Amino acid sequence: MMIGYTPLRNDTVFAKALDLRDSTINPVPFRSVFARPKSTVVRTLEVVSMLAPRKFMQRRKKIEVFRDAADEAEQRKWRRMMKEIEEVGSAVSVLSTKNQALPRDLVLGTLVRFKQLKKWSLVSEILEWLQTQPWWDFSEMDFLMLVTAYGKQGDFNKAERVFGDMNKKGYSPSVISHTALMEAYGKGKQYNKAESVFRRMQSSGPEPSALTYQLILKIFVEGNKFKEAEETFETLLDDEKSPLKPDQKMFHMMIYMYRKAGNYEKARKIFGLMREQGVPQSTVTYNSLMSFETNYKEVSKTYDQMQRAGIRPDVVSYALLINAYGKARREEEALAVFEEMLDAGVRPTHKAYNILLDAFAISGMVDQARTVFKSMRRDRCTPDICSYTTMLSAYVNASDMEGAEKFFRRLKQDGFVPNVVTYGTLIKGYAKISNLEKMMEKYEEMQVHGIKANQAIYTAIMDAYGRNKDFGSAVFWFKEMGFCGAPPDRKATNILLSLAKTEAEKEEANLLVGYSSQYSNGQTDNGSFEYADEDDDEDNSNDDDDEVE
């Protein structure tokens with residue numbers, strides 16, 4: 001039974017397969033149903049019951065409505081041009097071939113569309129080109145859009161230039177241009193310059209807008225200026241000092257800041273303050289709190305709290321809960337939540353699929369991991385290198401190195417280039433079964449391809465030699481970490497100490513651990529959390545860099 005998790009519906013395929021809807025029936029243990037099949041019948045049950053196709057995931061032909069034939073021809077012509085721009089990667093090279101003045105509506109429509117797609121480099125390219133065209137009257141609005149585009153790209157040099165041009169043209173100081181310049185400095189990591197623009201706006205105008213405050217809080221947090229962020233937020237809470245009240249995005253940024261600082265208590269206080277201030281809480285609010293937790297019970301508790309508040313979970317909410325169950329090796333719950341997500345009509349992202357894949361891979365449940373892997377292709381979430389590496393780890397965790405090697409060959413045949421995590425997974429697998437020859441073969445292959453080993457790889461090799469009564473080689477690899485720029489972390493030092501058996505070995509280990517501590521300072525991997533607000537892409541994380549354990 002899942003702790004703290006209340007399904008929204010009781011008709012999931014997973015529930016049907018395990019007869020969980022009738023509380024009088026003793027449910028079949030998950031592992032007995034989904035374990036490696038002993039007969040064809042069991043295998044069929046497994047494949048049918050897991051991740052059955054949903055209608056909403058199927059491709060649907062879009063029905064387009066046009067005013068008349070002329071409108072249809074014009075729309076199709078414009079779309080062909082947009083497609084050509086995206087394929088070429090340059091707007092000007094396509095627009096300039098017209099050799100004539102372009103209709104204003106066409107230009108504006110193109111700019112607005114690329115703005116909606118957040119393709120700011122194309123927006124700035126078009127506007128730069130329009131500045132040189134005699135048939136286009138470059139207005140104040142064009143300047144504002146151009147400085148905004150540079151701000152979004154973090155190109156503060158060009159933003160400064162446009163800002164100066166606007167002053168020369170005699171345009172009045174605008175909150176839009178000042179905010180764009182501030183954002184450009186922030187994205188360019190010029191945090192002090194961004195703060196200077198903000199302070200100047202506070203003292204002499206133009207008056208900062210809600211967007212200005214949202215951005216400066218984000219800039220302060222990204223620049224680790226937590227004190228400045230707190231002071232700015234407290235000013236907003238003071239009716240006498242600020243005409244503006246903090247909105248939802250500002251509260252979210254403060255919750256994220258305390259998450260980044262590891263202060264869960266203050267994050268909870270901000271959460272409570274939202275209610276006191278009458279600021280609506282959203283899915284993002286609860287997702288921020290869920291991201292704090294590593295214990296599946298606490299994640300589930302916050303998830304239930306979100307449901308009771310009448311807030312619908314999104315793909316990030318489900319992914320956080322699936323991840324928590326997966327890390328706790330509670331594959332039943334992880335799968336049930338994923339099925340619930342599909343039943344709720346929420347389309348899974350690459351990351352959500354990779355998280356479920358990892359839940360089975362951690363426990364070495366190869367057949368179930370393979371079903372998830374196949375479902376990704378069916379649901380148009382083509383597996384990436386992270387997916388392949390996670391699938392590889394399923395074989396490794398099942399101690400099936402023959403299957404792992406076979407899948408590793410498939411990975412390369414499918415056009416993927418193994419990265420440090422991919423090789424690390426194989427090295428860990430051979431280290432686990434004490435096949436030192438194959439372990440070193442993979443390490444050398446990785447070196448030949450110019451891939452630098454990380455702490456996890458060095459630690460696995462060190463541990464493998466130590467467990468095979470070769471303490472001298474273990475010491476060598478411990479030292480190698482520091483020499484190669486990956487100083488031993490706490491896990492590595494603890495393993496070295498545990499490998500030392502004789503008094504002489506213990507003395508040497510203690511000496512090495514004391515020496516290495518000045519480099520590592522007891523580093524541990526506490527995980528990471530990337531802030532994303534409602535305007536950001538839903539799945540922009542770099543899964544390739546995540547290590548599969």
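Placement of Cβ uses the backbone N, Cα and C atoms for every residue, glycine included.
Straight from TrEMBL, the features:
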{"type": "COMPBIAS", "residues": "515-527", "note": "compositional bias 'Polar residues'"}
{"type": "COMPBIAS", "residues": "531-549", "note": "compositional bias 'Acidic residues'"}
{"type": "REGION", "residues": "515-549", "note": "region 'Disordered'"}
{"type": "REPEAT", "residues": "139-173", "note": "repeat 'PPR'"}
{"type": "REPEAT", "residues": "174-208", "note": "repeat 'PPR'"}
{"type": "REPEAT", "residues": "247-281", "note": "repeat 'PPR'"}
{"type": "REPEAT", "residues": "314-348", "note": "repeat 'PPR'"}
{"type": "REPEAT", "residues": "349-383", "note": "repeat 'PPR'"}
{"type": "REPEAT", "residues": "384-418", "note": "repeat 'PPR'"}
{"type": "REPEAT", "residues": "419-453", "note": "repeat 'PPR'"}
{"type": "REPEAT", "residues": "454-488", "note": "repeat 'PPR'"}
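Taking DSSP states H, G and I as helix and E and B as strand, the repeat 'PPR' (314-348) has 26 helix, 0 strand, 9 coil. Non-local neighbours of the repeat 'PPR' (139-173) in the same chain are 111, 115, 118, 120-121, 123-124, 127-128, 130-131, 179-190, 193, 205-206; each lies 6+ residues outside the stretch with a CB under 8 Å from one of its CB atoms. Within its own chain, the repeat 'PPR' (174-208) is flanked in space by residues 143-144, 147-148, 150-156, 159-160, 162-163, 166, 215-216, 218-220, 222-223, 225, 228, 243-244, which lie at least six positions past its ends and keep a Cβ under 8 Å from the stretch.
Looking just at the repeat 'PPR' (349-383), the mean pLDDT is 90. In the repeat 'PPR' (349-383), helix, strand and coil residues by DSSP number 26 helix, 0 strand, 9 coil. Secondary structure of the repeat 'PPR' (247-281), assigned with DSSP and counted as helix (H, G, I), strand (E, B) and coil, comes to 27 helix, 0 strand, 8 coil.
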